[in-house]
Amino acid sequence: MQFSEQWLRSWVNPALNTEQLSDLLTMAGLEVEETVAAAPAFSGVVIAEVKECVKHENADRLRVTKVDAGTGELIQIVCGAPNVAVGVRVPCALPGAVLPGEFKIKPTKMRGVESNGMLCSGKELGVPEDVDGLMLLPADAPVGQSIRDYLGLDDQLFTLKITPNRADSLSIRGIAREVAALTGAELKPVAIEPVAPSIDDVRPVKIESRQACGRYLGRVVKGVNAAAPTPAWMRRRLERSGLRSISAIVDITNYILLEQGQPMHAFDLAKIDGGITVRQARAGESLLCLNEKTVELQPKHLVIADDAKPLAMGGIMGGEHSGVTVASHDIFLESAFFAPEAIAGKARELGFGSDSSYRYERGVDFALQRDAIERATRLVLEICGGQAGPVVEEVAELPKRQAVQLRAARVAKVLGVAMSAERIGDILSRLSLSYTLADEVFTVQAPSFRFDIEIEEDLIEEVARVYGYNNIPADAPRSGMRMLAQPEDKRPVDQLRHLLAGRDYQEVVSYAFVDERWERDFAGNDNPIRLQNPIASQMSVMRSTLIGGLVDVLAGNINRKQPRVRLFEVARVFLRGGNGFDQPEKVAGLVWGPRLAEQWAAKSERVDFFDVKADVEALLHPIKAEYRKAAHPAFHPGRCAEVRVDGKAVGVIGELHPQWVQAYGLINAPVLFELDLAAAIARGRIKAQPVSKFQPVRRDLALLVDEAVTVAQLLSAFAAKRAEIVADIALFDVYRGKGVAEGKKSLAFSVLMQDNSRTLTDEDVEPAMQALLEAASELGAQLRV
């Protein structure tokens, strides 16, 4: 909403400058988007009357004038405006004046004739003006007075961003009421005296749509001069509020809208057949609106109709046929209350709106209609003349205000400020919120203009606004937090996330609601936990594995031409359990594409099972896991392993099944893992080990074993018989081919031995190696020579 600061200060004038007033309104919830000057800066311009005006002897289009500018003598000024004439009063820039754009006025000669000033147009002063030529002022404009003072050009224009719940602030009356409440300044509203009827003419009013229209007032005014000019003061206020002047009657209704907040409409009485009825539109009816758009009316549309036809769309826009023109002599003034729910959304459906619909759909004061019609009638009689008939009023169903309770203790708790009941009561009174008080509990009745007071929190907000948010102390809350001991056998989940991110994985977060197909394909789950009210058909069950979500993200990245994808997710899965549902946490990862990002130093190779196995080992470190061949519906039958810790299965690792690679359009198979989060964050009791200062000894052990014997079996056998000096055993080569019999394979292990107290000798090393060889022989292994 845009309005003039001077207009507001005629209602309430707090001891604040423009900037302070702007800040006050913003902090009270009426955000000031901008303030701009009503006119650009200029000086030295006064009101002057043209006393003489003759044709310039050397120029056909110039006039030589002598003007009275209140200086005590006539001033000669050469002027080229077409509307300059004897007797007109106009703005006059005297020598030394500075006009917008730093244009300085000084004595000069024009075609040989001396000119000591400049007669100004509105454009030259930066003031909107419809007249082509000089700005013509009223005949009673005081000669010699500064034009800035006379036109109020030192005004500031405020633009407020009013929230939808504060329709009561969409008027000068409403904003002034707020400023008075916030500052304690005296509110000086316009006195509204009822206009005594001087004629008996009426038009009967009937409300059929009683829930949509709670109150309707109408008044006949006859013998008006609709062509009368709108007073300059009213025109200025309208223009500074963003509305253009149209005609006196229309300007008056718009003025009431801005001043009082009550939308009004004026009908040409001669175009009304019979009485006025507020009803729903009927099938087949249409209306040509004031914006020259024809609306095919529907029963959901509220209309103002006479005995023969619709005249206007209630609360939205009047009709072109029944509108007032400068030729109108008799008018019918309308002032009504329409329920917000009856108007809301209708203008947007039609593709156009109005200032009236904007206010009605947010809520207009349902006690304001009579004041508005009396104020409008008074202005019509003063500006356009005429005789007014009595006001006809019909009341249907008006909103009912429920009392709201406000506890003083609750105010203190929410705002963090101890406030006495007297202080709270004073704030409520300043906001026109009537109340009764008993046992520190206020029972508050909201006024007719406040549609947003419904619950206790609404009242607490009002108290806070007037008390001032800046006055609420910024007290930091006292916390009872204390540092908790961190268990040594577990690590934080965030540390696990950082570890995976450090290994070039990117974390994803996916929905726990998944496609039923994913559960069947990746978990072999034919009885997933179903949602009673899924948000989409493809999100109808709860996941029991994280694999489906990772595969889906991979498919999306492949479609976007990503060459290399490494993902992980930490989240819950949902399983059926003996006592209902279990929600264990899992960590899962997926790797697809080249092992390394494209570079010149290494050949591009696809990631494989063992790359991801290394990531899993790093994830579980220092705990050693055992890997056993396994079958899983999501994984390749021959490239899948169960991850076991202390003899218990804690996860699975493998290459995605070729069937799902093809079904989900993945080009080639990713390698995935999924682990119980509890196993992934466990790290065992850390035991400090001294660093030996003696050189280690390495021996290699090459064994021929059957294809069925796994590395894990051999490592397990070694562990049972390894000597104390054996620090580490690692596989470094697997060979099949020439020199190795069919059905056999060669496995080569490096054995690292070290003692913390001495250098090892062959006498120490050989028994240790022999013990390992004996352990391997129990699995049918032979030393390869």
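Using the three backbone atoms N, Cα and C, a Cβ is placed for every residue, glycine included.
Per Swiss-Prot, the features are as follows:
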{"type": "DOMAIN", "residues": "39-148", "note": "domain 'tRNA-binding'"}
{"type": "DOMAIN", "residues": "399-474", "note": "domain 'B5'"}
{"type": "BINDING", "residues": "Asp452, Asp458, Glu461, Glu462", "note": "Mg(2+) binding site"}
{"type": "DOMAIN", "residues": "692-784", "note": "domain 'FDX-ACB'"}
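Other C-beta atoms found within 10 angstroms of the C-beta of Asp452 (Mg(2+) binding site) number 17, with every protein chain shown included.
Annotated Mg(2+) site Asp452, Asp458, Glu461, Glu462; additional same-chain residues within 8 Å of its Cβ mean position, judged by their own Cβ, are Asn165, Arg450, Ile453, Glu457, Leu459, Ile460, Arg465. A mean pLDDT of 94 is what the model gives for the domain 'B5' (399-474). Scoring each of the binding-site residues (Asp458, Glu461, Glu462) by how many neighbouring Cβ atoms lie within 10 Å, the top position goes to Glu462.
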